Amino acid sequence: MTDLKPFLAKVASREPLTRDEARAAFDILMSGQATPSQIGGFLMALRVRGESVDEIVGAVTTMRSKMLTVEAPADAIDIVGTGGDASGTYNISTLAALIVAGAGVPVAKHGNRALSSKSGAADNLSALGVNIDVGPEIISRCIAEASVGFMFAQLHHSAMRHVGPSRVELGTRTIFNLLGPLSNPAGVRRQLLGVFSPQWLVPLAEVMRDLGSECVWVVHGDGLDEITTTGITKVAALEDGKIRSFELSPADFGVSPCVLADIKGGDGVANAAALREVLGGAKNAYRDVSLANAAASLVISGKVETIRDGMKLAAHSLDSGATALALDKLIAVSNDID
């Protein structure tokens, strides 16, 4: 079917789509076969009614089928957030990814330029000197040689160009804010996945279970799409096919609580400078929150069993210079394209 109208009529009447229907509908959207009015109406009908797990699974299945893939080790991990929390924090997941890479776990980092903040992962890494405009072969080399590679979302999801203008005109969150982090081009099966609202914790854990992920922690920390050190982080953890919910506090990581202003960032250049300060030995709230996210990621990866062991390994990665070395290698390999 190449006509969106039947699916549009169904969601407009507040009926949920089946997985197959969602897969077909998003194939129409992402193949350029729907008009801007149809795209806008469809996305907002889903948003107002509330997207179901089956609809997200179907949409992700289509998005994954159209993406440019990257070869990565089977044990690679991603640390990613949905964005959209409007917090303007430092690039926490970026530094956490480098720390995890320095600890010897391969990271296939998926990200984009800023949407609701001043600096997304792509902005931050570009300012650090990483060449983000590279193809799958170079990214695979980065992961092999630096233990971390960056996949710039817009280069891997070209089908998104068909819905981009409508999303901009709508100016509000849609299901596509969720789909990107669920569509890692390296096909990772282990993730630390931050979400902008706690309402999505369990549903997205269910989505990742149904899509075959091995271990995923879906987290929301005190308004942030990250693990936070400002207060309580809520977690829905998918492990061995089962989902359990729990909370984490700064004390669980052995760090002092901070306030949001302590981890507020700026643009890509300012955040790159802040990241370099932490690599240089600065002991501050940015270091603490990044270590916390890295520690959880090391648990998810299977490298360690406990958060406290994760904190020790993450701190060693940072303090030994292994994190800085991972960044240096990433910069070198990503720019070695002759």
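From the backbone N, Cα and C atoms, a Cβ is placed for every residue, glycine too.
Annotated anthranilate 1 binding site per Swiss-Prot: GLY81, ASN112, in sequence order, evidence recorded as sequence analysis. What Swiss-Prot lists as 5-phospho-alpha-D-ribose 1-diphosphate binding site is GLY81, 84-85, THR89, 91-94, 109-117, ALA121, and the listing cites sequence analysis. The annotation Mg(2+) 1 binding site is assigned in Swiss-Prot to SER93, GLU226 on the grounds of sequence analysis. Per Swiss-Prot, the feature anthranilate 2 binding site maps to ARG167. What Swiss-Prot records for ASP225, GLU226 is Mg(2+) 2 binding site.
Positions of the features from Swiss-Prot, shown on the structure.
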{"residue": "GLY81", "record": "anthranilate 1 binding site", "CB count, 10 Å": "25"}
{"residue": "THR89", "record": "5-phospho-alpha-D-ribose 1-diphosphate binding site", "CB count, 10 Å": "25"}
{"residue": "SER93", "record": "5-phospho-alpha-D-ribose 1-diphosphate binding site", "CB count, 10 Å": "28"}
{"residue": "HIS110", "record": "5-phospho-alpha-D-ribose 1-diphosphate binding site", "CB count, 10 Å": "27"}
{"residue": "ASN112", "record": "anthranilate 1 binding site", "CB count, 10 Å": "20"}
{"residue": "ARG113", "record": "5-phospho-alpha-D-ribose 1-diphosphate binding site", "CB count, 10 Å": "17"}
{"residue": "ARG167", "record": "anthranilate 2 binding site", "CB count, 10 Å": "18"}
{"residue": "ASP225", "record": "Mg(2+) 2 binding site", "CB count, 10 Å": "27"}
{"residue": "GLU226", "record": "Mg(2+) 1 binding site", "CB count, 10 Å": "29"}
Cα-nearest neighbour of ASP225 (Mg(2+) 2 binding site) within the listed binding-site residues, SER93, ARG113, ARG167: SER93
Within 10 angstroms of THR89 (5-phospho-alpha-D-ribose 1-diphosphate binding site), Cα basis - binding-site residues out of GLY81, ASN112, ARG167: none
Alpha-carbon spacing, HIS110 (5-phospho-alpha-D-ribose 1-diphosphate binding site) to GLY81 (anthranilate 1 binding site), which is rounded to whole Å: 9
Nearest of the binding-site residues (GLY81, ARG113, ARG167) to GLU226 (Mg(2+) 1 binding site) - Cα to Cα: GLY81
GLY81 (anthranilate 1 binding site) and ARG167 (anthranilate 2 binding site), distance between Cα atoms, whole Å: 19
Rounded Cα separation (Å) that holds between SER93 (5-phospho-alpha-D-ribose 1-diphosphate binding site) and ASN112 (anthranilate 1 binding site): 12
In three-state DSSP terms, the structure that SER93 (5-phospho-alpha-D-ribose 1-diphosphate binding site) belongs to: helix
In three-state DSSP terms, the structure that ARG113 (5-phospho-alpha-D-ribose 1-diphosphate binding site) belongs to: coil
